[in-house]
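See below for the structure under consideration.
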Ligand code: 5AD
Ligand code: SF4
């Protein structure tokens, strides 16, 4: 199509945000223009998520609206669907129903230009190693960027669609990763987040590649001011990795380590490959090396067969670890996953009630852990205005969301601040010093 006007819509995780960025750069190279609304576009491309039922429902309702838009249009109007849902039978059935023209599975997203060069529909759900090129940096003035290290997952958690949507683990070539990071630094990026479904396994699929511990050191050595990574699997979080974090000041003392459940019986049924004691031992090792560790986790409540006693063990584990933050999910039975095939879902009321109890626990701990930061100094990367009037928002080196007075932090940038107050979800600070201003502020803070 000549005069391609593209509207990109992204659901789901940071890997998806990165993938949308990759596709956008391919589209730019064939002359596409990007627009802000569906009305202005003649190609709407939706990057989808399939990890739980809710994002799937969102995609369905969006595709319903897009189909109506297509019927209204006199000019050509293409609907595109990419990412995890597109990789699944379930998603392809949805795509057929809503008249999707271009469908690219999560392992075929680099085929976007080829897809648009065709007349008629183009569907590809293969897994190609070639999704591997240097993605150009985001617009100047952006301070944070993602870099994908590894795609796919070799674990087989019974509730999870990812091994089927993103395929087996494939690490990117270290030279590409390092080149991409160098370009980001040249573009003024202050914070780099290394991405993968399981970053800890980086390099396992190619003996010539460094492992994750060495890669952290090599990326940091390029001069990254702040380095973060998500997500980790406890089974692959080796002592070598703990040591690399401890030796690399740019990484800070923040780790996201999903535990999923506190009961051995549930962990076994989830096929998480570890037991509760093993997880606790990893946390102890981390705390030994990183005394200021800020730890967050993922927890699923209401996994099939989870008894009240099992759930109680999740609550107990929470107390034993004292997580700073948690992403908590109600188990969502996903067609095609082993747990969907094998086990019966618990009643919704049971799951909802357990989630509420877990949220109460999380709030208590987050408040307690956040309050321990009052009076301390933090380094805040300010993005822009907060929802709360007269405040700007950012996050510190341990990933706490922090608000600063807008009058003290008028532009995006990096600030040294003292924490004055804490809530379960926020730290409030006072600016001590501006360390760095964004080269070209994205938006003026109000
Ligand atoms: N139901 C609920 N939560 C899930 N997750 C993955 N699959 C499911 C599912 N079927 C959660 C896990 C994972 C996070 C990204 O999403 O906690 O760590
Ligand atoms: Fe899914 Fe488990 Fe792989 Fe994470 S480690 S992507 S939860 S299969």
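Easy rule for this one: first residue shown is 1, then count along the chain.
Placement of Cβ uses the backbone N, Cα and C atoms for every residue, glycine included.
What TrEMBL records for this protein:
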type    : residues      : note
DOMAIN  : 4-121         : domain 'MTTase N-terminal'
BINDING : 13, 49, 84    : [4Fe-4S] cluster 1 binding site
DOMAIN  : 139-368       : domain 'Radical SAM core'
BINDING : 153, 157, 160 : [4Fe-4S] cluster 2 binding site
With DSSP assignments reduced to helix, strand and coil, which class does residue 157 ([4Fe-4S] cluster 2 binding site) get?
coil
Count the Cβ atoms, other than its own, that fall within 10 Å of the Cβ of residue 49 ([4Fe-4S] cluster 1 binding site), considering every protein chain shown.
22
Integer average pLDDT (0 to 100) for the domain 'MTTase N-terminal' (4-121):
97
For the binding-site residues listed here, 13, 84, 157, 160, which shows the highest count of neighbouring CB atoms within 10 A?
84
Can you list, in sequence order, the residues of the same chain other than 153, 157, 160 whose CB lies within 8 Å of the CB centroid of the [4Fe-4S] cluster 2 site?
155, 156, 159, 161, 162, 163, 197
Whole-number Å only: compute the distance from the Cα of residue 157 ([4Fe-4S] cluster 2 binding site) to the Cα of residue 84 ([4Fe-4S] cluster 1 binding site).
16
Give the helix, strand or coil assignment DSSP yields for residue 13 ([4Fe-4S] cluster 1 binding site).
coil
Residues close to [4Fe-4S] cluster 1 site centre defined by 13, 49, 84, Cβ within 8 Å:
11, 12, 15, 16, 48, 50, 51, 55, 83, 85, 165
Is it possible to get the count of other C-beta atoms within 10 angstroms of the C-beta of residue 153 ([4Fe-4S] cluster 2 binding site)?
22
Candidates near ligand 2 among the binding-site residues 13, 84, 153, 157, 160, judged by a Cβ under 6 angstroms:
153, 157, 160
Any of the binding-site residues 13, 49, 84, 153, 157, 160 with a C-beta atom under 6 A from ligand 1? Give them in order, or none.
160
Under DSSP, is residue 49 ([4Fe-4S] cluster 1 binding site) part of a helix or a strand, or is it coil?
coil
For residue 84 ([4Fe-4S] cluster 1 binding site) and residue 160 ([4Fe-4S] cluster 2 binding site), what Cα-Cα distance in Å is obtained after rounding to a whole number?
12
